[in-house]
Amino acid sequence: MSSVEEQPAKKIRLNSGGSIPSNDVINNKVSSEGKMTREGDVGITEFVDPTIPGFSGDIKQRFSDFLVYEIDNAGNIVHLTDFNLPEIKSTNIINSRAIETQKEEPVKKELSDEQIFQEMRTLLDEETSLQVQNLLNGKNNFVDTTVEKDKEKRTAIHRFFKNYFGDKLNTETKDGTIRISMHTNETRKDKRNKQQKNDAWDALGGSFCQFTLYKENMDTMDAVNSLKKLLKCGFHQTFQNRRAISVQKITANRIKAERLLGINRKSRGMKLGNFEYVKDPLRLGELGGNHFVITLKNIQAGNEGIITKAMDSMQSRGFINYFGMQRFGTSSIPTFHIGRSLLQNNWEEAIDLIMKPRSGDRQDLQTARQHWIENHDAKKALELFPKKCIAETYILNYFTKTGQIKDYAGAFATIPRNLRLMYVHAYQSYVWNSIVSERIRIYGCDAPVVGDLIIIDEDPGANINSDYIIDDSVIVNTDDKKEIKVKILAEEDLKNYSIFDVVLPLPGYSVVYPNNIIFEKYKELMWKDRLDPREMRRSNKDFSLSGSYRKIMGKPSDLSWKFFKYDDSNLSLALTDLDLLDGKPEPESLPVFAAERAVAINAVLQASKVCQKVFKQLVNNETITKKDKSPVTVADFSAQAVVNTILYHSFPNDPIIGEEDTKDLRVESGKELRAKIHSLTNSILDDPLDETTLLDAIDRGSYPGGSQGRMWTLDPIDGTKGFLRGEQFAVCLALLVDGKVQLGVMGCPNLPVDSKVPEGEKGCLFIAEKGQGAFQRKFSSTEETKIQMANISSVLEASFCESVEAAHSSHGDAAKIASLLGITKPPIRMDSQCKYCSVARGDADIYLRLPTRDDYEENIWDHASGALLVQEAGGIVSDIYSKPLDFSLGRTLKSNKGVVVSHSKIYSQVIEVVQQSPSLPLWKSPSLPLWKSPSLPSWKSPSLPSWKSPSLPSWKSPSLPSWKSPSLPSWKSPSLPSWKSPSLPSWKSPSLPSWKSPSLPSWKSPSLPSW
């Protein structure tokens, strides 16, 4: 509906704690006329978690940034989904009703006149019966019965006259009295028409047409008034915000769906659809809540982690249930100031506050207000004020008509009632906000305290809001609801309630106040305004406030959020119902880390060039390595220098966790190697570095890591042996934010672009960003292709990818696991994180890095970018205990053992076999907590950490006399071929408590730490 012109919105900032004066909310300072009303002015001062840094953003920059959907009582979110006319629910409903009537009513008996009048006397008194006889004889025009309160008896009377006098007499009920009169042609026709109309509506499903109203940038009252003018009928509805797009249910009495559908051709800013006929109208309160889709634009925060922490806090701890700024306005004269004057019976001040100039007004408003203040010329001021200034125009209209410009009370009384009420309710809201801030400041927001109040009346008739704010301009008074019952908490009650049960009263004459220091805060605040929280009755009923209750904390349900990067501030980032009906695609976010992504790609490509250049020199020299392994070292150091320099130029404040350092380069013996690195690095970089700057660039990789802030991880050459052989290696770079991997880029210079063509083009770049998918591109192209893991349906179709070398993972163990899974395909073997890349693009499905030493910790740079790539391609990465890899604990994965990479469809099978395998030496898992294997149930006792049991003092078991086990038939080890020594026949020596002997120097091995 592009015909609706959108006005610019005010920009509202979500301020950090430092910008709100929170030290004293009981100060009653009136906002200066020179400044706009802020949160602190209306009592909004506290935070659930003040340790979370604040951030700012624009809310409702466009009305499409704020979507509101009703939730019905069944919990369904209301959407506009079609413009179809409703189906008639029953074409046979009239006939079925007739059948039901025949079943319910006995067949009319053939009675004599005397019997008929005798039956009449049982329903009516003697005198009324005689009057009916006279009516039939033409002596009366009508007969009124006595008032009959019994509905069933009234029904019986109507039925009697219908059965025996239906063609002669007509009956009507009014205020409990039944009037009996002679039928005329007109009444017979009216009755037939009325019944036919009722039957017609019943056939449709009911006399109310319920529909879904979709509206843009207008409040509900404006929309309903527009419909009333077009249709000349009444509606039943709830109310929604103005500057928003909202969707809600409305019912119209005896209006056909065809007429309502026709409105769509005439209306601006609203659409009607989802029509159905129902028997009952909607009523205020028949609402399960609202579902919001809110877009905050122009977010200014240190990083996404700050926002995520704030959202996590809202999800787990909830929010302080303040009345928002729409209740008070944001001009320099808030609405609660006017309400305070009204409660003080100071009519002159109230009128003056409404009429006087204020900062932030448009020029035409400033001119009108200034003219009134200077001249008190009501007629001229009325011409100058825009018509939308409702309160001002009503006041001036009264002054103009009466000439009584000092009759402030009379002028105020002409303002529409909802607007009059808004002012006093705003003062109640100001008091409530200020007091809840005191409650949070004194007692916190985590638990109830003695003296707090909770609602114990769950009757839906008891509304816990004395007024129901439905949008920025409309208030529906609900003070006539039944009295709400509350309980004052004692010490023994505290365990039964949570902070989300606690309420505070809006000040009024019928509420209960907390039985603790908070009541004193009410009195302290209101007494400064010359008001008493217990004396809220007024001679003017509109301003006589009974009060009510409001929960101090709220918690949203189904809360979710996502980050969206955009380059057009006018772009609608959330699809509306009309967008969906029009088939518009979901808007696509620019990568959240678009700048970081571009820089990382460039850095990895340049580092890959370094590695390729070094390798060509190795080939030309017909050598692979030297005594000091300098060619490899040159490549490692130069690649790290190149990447760190590029990162520093773009993100100077970002620390780096790199593999290399310059300790050996800064000494005299490193001079020659240092010169080679300097020369190679400057051959790649656009701006040459001197040696000192070069060394400093390399040492930027010394950051210790952690869980706070941004940092990069870098492995300049992952897979050194693969590099030396001219096979697979990778340059791996990842961005971490608050310990979570957000971006990964890997360069694989020797990896075939297409695994099916191994001799084809080589050189691949792999890119993954959290939530954005995984991509591959050639070194020779900028075009990216989205990659996903292979489309397999069973673990039997899977294949393994494993290292060429087995320094940190056991090929034998992997082979056993493959056998247990039933996998027969030969493994794909390669070095470096290229294995992650191969799994991500579907060349293989499983990669296991099984630990061979209990003390070994994986370096985070060996897995950060690869793990994200696989996850974004649809796989799962964990350790051998199913725990996610934790990159927040420093430079290594301290809390993880091993790595399991698997296709998501088969992960559960893979991890189950991994965790149940008895062949690995590290079996300490939830299912096998104490080095215990299902095949060796009695070989371990928690109290015997050295594999010794009281029942086996000589380390010999009756059931295993030769130290043999079905699963371990020879107890042999590649590094320990016989596990037996003639000099140690009992396998124990007092002088060798650590199982070590001078004659057996290798009986203790890092690969067997606890034997």
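Cβ atoms here come from the backbone N, Cα and C positions, even for glycine.
Now, the feature entries from TrEMBL:
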BINDING   Glu659, Asp715, Ile717, Asp718, Asp862  Mg(2+) binding site
COMPBIAS  16-28  compositional bias 'Polar residues'
DOMAIN    318-555  domain 'TRUD'
REGION    1-28  region 'Disordered'
REGION    936-1011  region 'Disordered'
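TrEMBL feature annotations superimposed on the structure.
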| residue | record | CB count, 10 Å |
| --- | --- | --- |
| Glu659 | Mg(2+) binding site | 19 |
| Asp715 | Mg(2+) binding site | 32 |
| Ile717 | Mg(2+) binding site | 28 |
| Asp718 | Mg(2+) binding site | 27 |
| Asp862 | Mg(2+) binding site | 23 |
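Glu659 (Mg(2+) binding site) carries neither a helix nor a strand DSSP state and counts as coil.
Asp718 (Mg(2+) binding site) falls within a strand segment according to DSSP. Same-chain residues that are not part of Glu659, Asp715, Ile717, Asp718, Asp862 yet have a Cβ within 8 Å of the Cβ center of the Mg(2+) site turn out to be Leu714, Pro716, Gly719, Ala730, Cys732, Ser832, Gln833, Asn859, Trp861. Mapped onto three states, the DSSP output places Asp862 (Mg(2+) binding site) in helix.
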